[in-house]
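Take a look at the structure set out below.
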Amino acid sequence: MTKIYPLMPLRDIVIFPHMVAPLVVGREKSIRALEDAMEKKTEIFLVTQLEPTCEDPNEGEIYQCGTLSTVMQLLRLPDGTIKALVEGQRRARIVSRVPHEEFMQVEVEECTEVLPGQDELIAYERELRKAFQQFAHLGKKIGEEVVVSCSSIEDPVKLANVICSHLPLSSKEKQEVLEVETLGGRIELLLEILFRELQLAEVERKINIKVKQKLSRAQRDYYLGEKIREMQKEIGQGEDGVDEMTELENIIKAKKMPAYARARVQKELKKLRGMPAMSAETTVVRSYIDTILGLPWKKRSKGQLNVLKAEGILNKDHYGLEKPKERILEFLAVQSQVAKLKGPILCFVGPPGVGKTSICQSIAKSMGREFARLSLGGLRDEAEIRGHRRTYVGAMAGKVLRAMQKVGVANPVFCLDEIDKMSTDFRGDPAAALLEVLDPEQNSSFNDHYLDLDYDLSQVFFITTANSLEGIPIPLQDRMEIIQLSGYTEEDKQVIAEKYLLPKQLKANGFQKDDIFLSPGAMLTVVRHYTREAGVRGLERVLASLCRKVARDRLQKGKKSKKYRIGEKSVPTYLGTPKYRYGLAEERDEVGLATGLAWTQVGGVLLQIEVILMPGKGKLTLTGQLGDVMQESAQAAYSYIRSRAKELKLEPDFYEKVDIHVHVPEGAIPKDGPSAGITIATTLASALTGRPIRHELAMTGEITLRGRVLPIGGLTEKLLAAKRGNITKVLLPEENGRDLKDVPAKIKNALDIKLVSHMDQVLEQALLSKGKNK
């Protein structure tokens, strides 16, 4: 009986029935044939080609006998090739070729197994087993596990196929065996090959013995010299008087480590003693021993528990950042009362440049501990965290243990920087590997693949940093104590610039500390109009630029002792035209124009929202590059206004007579989020009723269809934007009232803050009567 199958030609390999083999496939036709077989869940006909170098063999360039095989697994590799795992099933022969556009397809006929008589079959099987075992033990080209596996095979057909697949034969010889029709004939051919190989192996053994006996005098002298040196090492009399092995033994005895680690390193040392000095395995074992001995198993920093001293160090090094400072001082206070306290696992989340990484160093300094840092940005290989298994060439411990080895103590402050910037690929997920590192219940027995021993990380004070929680998996977030760091206010930036950044840049550019002075107004101008960021990195670069401009001016004018006093108006002389401007409150009350408050990664901003009405049929148009959430918020605001038409004294069918256009200026900047809901609703109400909106008022809050005002985030940044934009009155959701305690007093005192819970209260506060424009 014949059947049609896709065909894949093979180079330099013959697949036998019962043989499982991985194949790396690059030819397009072969890939299509594999995918077709996988998709249709059919077998594929694997046959060896006559010339391995032929790229596109035709029917006459392949053998006629092959193996019907099952495609067990397909994996597409980054270079476009496919790795396939196949298992041979039955022998078959090509009957004819069947035309196909994408790959070779043939009609094949399965080969029927012709078995000898029972007694003859038993004799064949015994001889084959005996010859194969002799060959395996004499030639040492076949592993012991293969011999054991073959000894458990009872089916003589399978036994012959498996033995032939493991013999070190050429493709041509294996093809000859595959094509023999009868089982007896195949076993006879195999026995002939095995006996020939046994004779060759015996000849090779005799030749080796003769070569060794004919070693030259110089070689014998070298051999004896090496032996004498080894004997001297055994009695501890090497070149320097102390044998290397003895030195390692002394280090092991002196090293404080757990009993299981000591037992492992002693076992490896014993193995090392019996290895030749020039062996590649010697280097591997020595590196492993050095790794174990280099780890700080029980060595700890003494540290200091003086809370007042720690607070002084933190305040000296960093301005602001109250939340992380408070958490560290709490930890020190508890540690002074508890003998053994597991290190916490903190996660500082905030925009770039606010000092997340640098405060980690200050924390280590304030606690009297060593500091280790590992950048996780761009990490995509799980083995970078857990290490590679020792079976791999060039294997080494993971980055966590290498950092511990470098820092030299078991209780450092360990900063895992940019934890949200890791990625995943076919080599694994580094975030999943960190689950054990950052779990207080598990990290006391962290198991690195290379070390293969439990290592205690429970005394490490882990701090991770991230710009956003979005890139961190939920299970990893659950293991960490999240501390949100907001951007600096303008006042904060001024203080940081005056106390830290400007003195640092003066020193870096060769100035004395009083050579350059910026007035408060000048510093505010630099902060407000030459930087737009949540942190202070850009501010430091601007101050560095100013110092360079002053240095050049001094040199050109020949006045090296001149003191520079820079006022607000002279800043553009050194830094050029201001780069940024911030939104300001409108100068007069307008109909259909309201001021909202938004929060971005670089701080708070004023958000102007405009609405105009046009004769039409009730179409609502939204422009200004609004995101999906903001568009839905606008739809909810519009629906609320329609539901309140009677209270707002609007005609019930007003929406059928006008088209409404809602626009948020600065259309090049994407905008999203629900917090503009009450602002949009107020603007719609103003445009439809003709009542102007107070120009000195700003608002923020999410709206529901029933008019409830829901809480928002980024409160401090939004209020700062209002203060900076000359806003005097702000409407906030009532539920955000509890968050006002975290807002600096100098911001709250400058604003008239009103808490609202319903949209009716917003309209009452925001809308003026008709004709009352100011």
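Yeah, the Cβs are placed from backbone N, Cα and C, and that goes for glycine too.
Within 10 Å of the C-beta atom of Ser675 (active site) sit 27 other C-beta atoms, taking all shown protein chains into account. Feature annotation from Swiss-Prot assigns active site to Ser675 (among others).
In the shown protein chains, 28 other C-beta atoms lie within 10 A of the C-beta of Lys718 (active site). The active site annotation in Swiss-Prot covers Lys718 (among others).
In three-state terms derived from DSSP, Pro352 (ATP binding site) belongs to neither a helical nor a strand segment and is classed as coil. Residues or ranges marked as ATP binding site in Swiss-Prot (evidence: sequence analysis): Gly350, Pro351, Pro352, Gly353, Val354, Gly355, Lys356, Thr357.
The domain 'Lon N-terminal' annotation in Swiss-Prot covers 5-198 and is backed by sequence analysis.
Swiss-Prot lists 588-769 with the feature domain 'Lon proteolytic'.
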#### Entry: Pairwise CA distance, Pro351 (ATP binding site) versus Lys718 (active site), rounded so that it is a whole Å
15
### Task
Looking only at C-alpha atoms, tell me how far Ser675 (active site) is from Lys718 (active site), rounded to the nearest Å.
11
### Summary
Here the Cα-Cα span from Pro352 (ATP binding site) to Lys718 (active site), rounded to a whole number of angstrom, reaches 18
### Message
Using Cβ atoms only, which residues of the same chain lie under 8 Å from Gly353 (ATP binding site) while being at least 6 residues apart in sequence?
### Response
Glu533, Ala534, Gly535, Val536, Arg537, Gly538
### Query
Which number gives the other C-beta atoms within 10 angstroms of the C-beta of Gly355 (ATP binding site), all protein chains shown included?
24
## Note on the structure
CA pair Lys718 (active site) / Gly350 (ATP binding site), Å rounded to integer, equals 16
### Summary
Close in space but at least six residues away in sequence, with Cβ under 8 Å from that of Thr357 (ATP binding site), the same-chain residues are Arg373, Cys415, Asp417, Thr465
